[in-house]
Structure formats: C-alpha cells, structure tokens
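Enquirer: I am attaching a structure below and will ask some questions about it afterwards.
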Amino acid sequence: MTAAHSFSLFQFVASPFNTLAFVFLILTTASFWVYKRIWLWGPLLLASCVLAYFAGMLDYEIFIPILLLFSAYLVLKTRLHPVARLLVCFIIALLSLAFSFHLYPDIRNWLLADGVQLSQDAPSFNYFWNFDKPFIGLFVLGLRLKLIENREDLKRILLKTVIFTACLVAVFCVGSLLFDVVRFDFKLPFLTFAWLIGILFFTVIPEEAFFRGFLQEEIKNAIDSRLSPFISIFLVSLAFAAAHVFFISNFSYIALAFVASFAYGLIYELTKSIESAIFAHYMLNVVHFIFFTYPILSSAA
C-alpha cells in the first residue's frame, strides 16, 4: 500500500479553517436529529460556509446556487400546479447534480491524500473531503424529511433495518466476489478515521436524502399507480447506478450499484425512515472498505 501524499491527523491541526468548516458542516447535519430548527442549523451552515471561504475552499459566488437551491425547496413546500412542481423539481435536480459532480468552480474540496493505494491489487485514487456534495441533502433534511425523534421511532425500525442490512451486506459480498470485482482484503489503513467520518457525512447522508427523500418521493407521488413505489425505486436506482459510471465504468460494478440502490430504496419504502436507508448504505460501504479490495480490483477498473 502506498500513498504519494500520506494522510495524517496533523493535517486537521495544520489547516484549522478547513477543519472548522467541516466540523460546522457536520454539526449542521447532526443538528437535524438533535433539534431540527432552522434558526439552529441555518447559522451553523452559514458559519461553515464563512470558515470555508477563509480557508480558500469557496468563493462568495457559490452562495447564488446555494440560495437558489434553498429557495426551490421552500417553494416545493407550497401548493403547486403539477407542471410548476415538475419545473421546480427539475431545477432542484440540476442544481443538486452540479454539487454532486463537483461542477461548480467556486468550490474547491479538501484534498486529504493523493495517489492513495489501499489494496495492492487496486488502483490508486485521490481522497477528498467534499464540501459541495452535502448540499444535495442538507435542505432535504432540514426542510422536508421527517426524522427519528424518540426511542419509540427507533424501536419501530431497528430490528427490521438491522436484519435487512445484514442480508444486503451478505448478498452484496457474495455478488462482488462472484463478479470478480473485489477480493477479501482485511485492512485498517491510515485513512480509516477520516474515511469513516467523510463517507457518512459527506457522501451517504447527502445521497440518501437526495435520492430517497427527494427524488424517490417526488417520482412516487407523481405516478398514479399502486406500483408507484416500485417504479420510483427502479427509476431512482437507474439514476444512482448511472451516476457511478463517471467514477468506475465496470458493468458488474454498475449493476451492483443498481442493486444496492434498489435495496436502499426498498428499506426506505418499507420503514418510511431515511435513517434505515442511511444505515444500510453506510454499513455496506464500511464492510467494503475494511474487508475487501477498495475501491475495486485494478483488473475490473
């Protein structure tokens, strides 16, 4: 295992504005489950953006698409004509995808390590903490989704979520090995601490909020059919899998991404809880990272 630019915890001390920007971004996300009030998460998010500005990670022009996205979600909370609602959803999707694919030049994500090779038979990659991607889910969580509020809510979904996730992980591990996408490779590399935090707050939570809490819900509500939940899960899973083509174009890997997304959508539909989808998505990624080739075998890349 090699790294052209090795990660160390000292980077968080050496770059205090970067670190604090992401700390406040994490606090913004966490506040949705602690006390979801806009007067709390709004200032936390603003503080994160100000710190990111002083860290040189963003320019003030980025506030234009951020405010447009925020405004679009506010409009979506009102009663709209179906055509108007479709237009607003289209605007949200475009703005969000630009954040997700790092298309805004006004945001520069934090490179924590470059040329990283975590498995001997895997390609190297650059590891970032992304400041832009969380925006695809922040306003969904803050303005739209109902979250777990008490122990009763947690008890209602816990057993079903754990069993479903265990089955998903087992099927996914077997499928990945059969398709020769990964091999068993237990490891706890130097990036583990940063990766466990980053994958949860800057990838999994935003993706599930957007794909399930926004996209899946909007498609389901727009289709007048008893099959609308499954149609929406299928369509969103196609979009989720297609998004992975930009990173790894292996057909088996894309097919597995589709299956994983379908599973996340299904557990979300069954439990009516975004936390269930987040848990399943996160645990699958953690098992992949620690126990198997990461991100993929070089022969399959």
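Cβ coordinates come from backbone N, Cα and C, glycine included.
Please treat TrEMBL annotations as automatic predictions, because they have not gone through curation.
Not my notes, these are from TrEMBL:
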type	residues	note
TRANSMEM	6-26	transmembrane segment
TRANSMEM	60-76	transmembrane segment
TRANSMEM	83-104	transmembrane segment
TRANSMEM	124-145	transmembrane segment
TRANSMEM	157-179	transmembrane segment
TRANSMEM	191-215	transmembrane segment
DOMAIN	191-287	domain 'CAAX prenyl protease 2/Lysostaphin resistance protein A-like'
TRANSMEM	227-247	transmembrane segment
TRANSMEM	253-271	transmembrane segment
TRANSMEM	278-297	transmembrane segment
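In the displayed structure, how are the listed features positioned relative to their neighbours?
Expert: Only residues 6 or more beyond the boundaries of the transmembrane segment (6-26), in the same chain, are considered here, and those with a CB under 8 A from a CB of the stretch are 44-45, 47-49, 51-52, 54-57, 110, 112-113, 116, 127, 129, 131, 134, 190-191, 193-194, 197, 201-202.
Using a Cβ-Cβ cut-off under 8 Å and counting only residues 6 or more beyond its ends in the same chain, the transmembrane segment (60-76) has close neighbours at 49, 53, 85, 88-89, 91-92, 95-96, 98-99, 104, 106-107, 135, 139-140, 143-144.
Outside the transmembrane segment (83-104) by six or more residues, the chain places 62, 65, 68-69, 72-73, 75-76, 130, 132-133, 135-136, 206-207, 210, 214-215, 218, 222, 243, 246 with a CB less than 8 A from a CB of the stretch.
Long-range contacts of the transmembrane segment (124-145) within the same chain, counting only residues at least 6 positions beyond its ends with a Cβ under 8 Å from a Cβ of the stretch, are 2, 4, 7, 21-22, 25, 28-29, 32, 36, 38, 41, 45, 52, 57-58, 66, 69-70, 73-74, 76-77, 96-97, 99-100, 102, 104, 107, 109-117, 191, 194-195, 198, 201-203, 205-210, 213-214, 274, 295.
Sequence-distant contacts of the transmembrane segment (191-215), counting only residues of its own chain at least 6 positions beyond either end whose CB sits under 8 Å from a CB of the stretch, comprise 7, 9, 25-26, 29, 92-93, 96, 100, 112-113, 116, 118, 127, 129-131, 133-138, 140-141, 144-145, 232, 236, 239-240, 261, 264-265, 268, 274, 277-278, 281-282, 285-286, 289-290.
Mean per-residue pLDDT, taken over the domain 'CAAX prenyl protease 2/Lysostaphin resistance protein A-like' (191-287), amounts to 96.
Proximity of distant same-chain residues to the transmembrane segment (253-271), defined by a Cβ-Cβ separation under 8 Å and at least 6 residues beyond the stretch ends, is recorded for 156-157, 160-161, 164-165, 168, 171-172, 175-176, 179, 181, 208, 211-212, 216, 229, 232-234, 236-238, 240-242, 244-245, 277, 280-281, 284, 296, 300.
Long-range contacts of the transmembrane segment (278-297) within the same chain, counting only residues at least 6 positions beyond its ends with a Cβ under 8 Å from a Cβ of the stretch, are 118-119, 121-123, 125, 161-162, 164-165, 168-169, 172-173, 176, 180-188, 192, 195-196, 199-200, 203-205, 207-208, 248, 250, 253, 260, 263-264, 267.
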Enquirer: What parts of the chain pack near the transmembrane segment (227-247), using Cβ distances under 8 Å and only residues at least 6 beyond its ends?
Expert: 100-101, 207, 211-212, 215-217, 219-221, 253-255, 257-259, 261-262, 265-266, 269
Enquirer: Where DSSP helix means H, G or I and strand means E or B, what are the helix, strand and coil counts for the domain 'CAAX prenyl protease 2/Lysostaphin resistance protein A-like' (191-287)?
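Expert: The composition, in the requested order, is 83 helix, 0 strand, 14 coil.
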